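Record features, source Swiss-Prot:
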{"type": "DOMAIN", "residues": "47-319", "note": "domain 'CoA carboxyltransferase N-terminal'"}
{"type": "BINDING", "residues": "Cys51, Cys54, Cys70, Cys73", "note": "Zn(2+) binding site"}
{"type": "ZN_FING", "residues": "51-73", "note": "zinc finger"}
Amino acid sequence: MSIREWFEDRRKITGLLKNSVERDSKDVNEMERNKNLSIDYVKINRLWVQCDNCESLLYIRFLRENKSVCEECGYYLQMNSSDRIELLIDRGTRHPMDEDMYTLDVLQFHSENEPAHSDPLHSEDESYKDHITFCQIETGLTDAIQTGIGQLNGLPIALGVMDFKFMGGSMGSVVGEKITRLIERATEESLPVIMVCASGGARMQEGSFSSMQMAKIASALYIPQKDNRLLYVSILTSPTTGGVTASFGMLGDIIIAEPKAYIAFAGKIVIDQTLGQKVIEDFQVTEHLFGHGLFDLIVPRNLLKCVLSELFYVLQSSS
């Protein structure tokens, strides 16, 4: 090999290396750009929410100030239990109850030997225990309800608030026990009970243990209500369905519903298939049900605290 040929070979190798380095640099830069875009998307996702009805982008800070009601179309977005408590309870007056109570997988729903999945919410095979753990991490709650004692415009009350973000607000053993204890304490201390319902119904992973909570809560309410020792106000939000609707959701001395809330026992598709005929649209929406006498009041979210305090003052003065 001559010296000229050797230099030509070195030039070719150098050119190939240079092209390879340039391609690698472009790939790295592209990855960095995609990473930045991903970070920006996460930041944006924490600052903005899209309305489920009109698809408008809503700034979270303003949305919370507006009680999670869309500024564009007036649609009621879901509120978590902590925001509901902040809406109703005077600041600094709340004393939570049974925060350390958590669910046990008594039925061992799905074997622990089955393969795990990365996203429990999108896997029907995920164990119940893993699903509960996932929801606890996501929401910061031990189960689908928060209970406690507090003051509403200076009036002491007992409050239970269900959280739909925790397994669809489903009612299991812990939810039933916490509600029962809240009712018993309210009866002992002569406090009115407010229950904010947001649930898909009984929790299927607990089988009959879940269904039993319907009877247990109804029994806890029956005697105090019959003897006029307990005022129970049920607030139905969207969605309230299944076993919750069939039990304590509809047992209130006063039943209040939010505007345009979805309230039902069985879903529309199930009813269509069972009856073999089409049912009318929006027959499970607040306004239609109110027209047929299922509720006492429809109260906008921003007026709820004032309306409740007025009701309690009137009832206390008349008793």
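Backbone N, Cα and C atoms are what each Cβ position is placed from, and that goes for glycine too.
On the structure: features taken from Swiss-Prot.
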| residue | record | CB count, 10 Å |
| --- | --- | --- |
| Cys51 | Zn(2+) binding site | 18 |
| Cys54 | Zn(2+) binding site | 13 |
| Cys70 | Zn(2+) binding site | 20 |
| Cys73 | Zn(2+) binding site | 12 |
In the same chain, outside Cys51, Cys54, Cys70, Cys73, whose C-beta lies within 8 angstroms of the Cβ mean position for the Zn(2+) site? Asp52, Asn53, Glu55, Ser56, Leu58, Glu71, Glu72, Gly74, Tyr75
When the zinc finger (51-73) is classified with DSSP, how many of its residues are helical, how many are strand and how many are coil? 6 helix, 4 strand, 13 coil
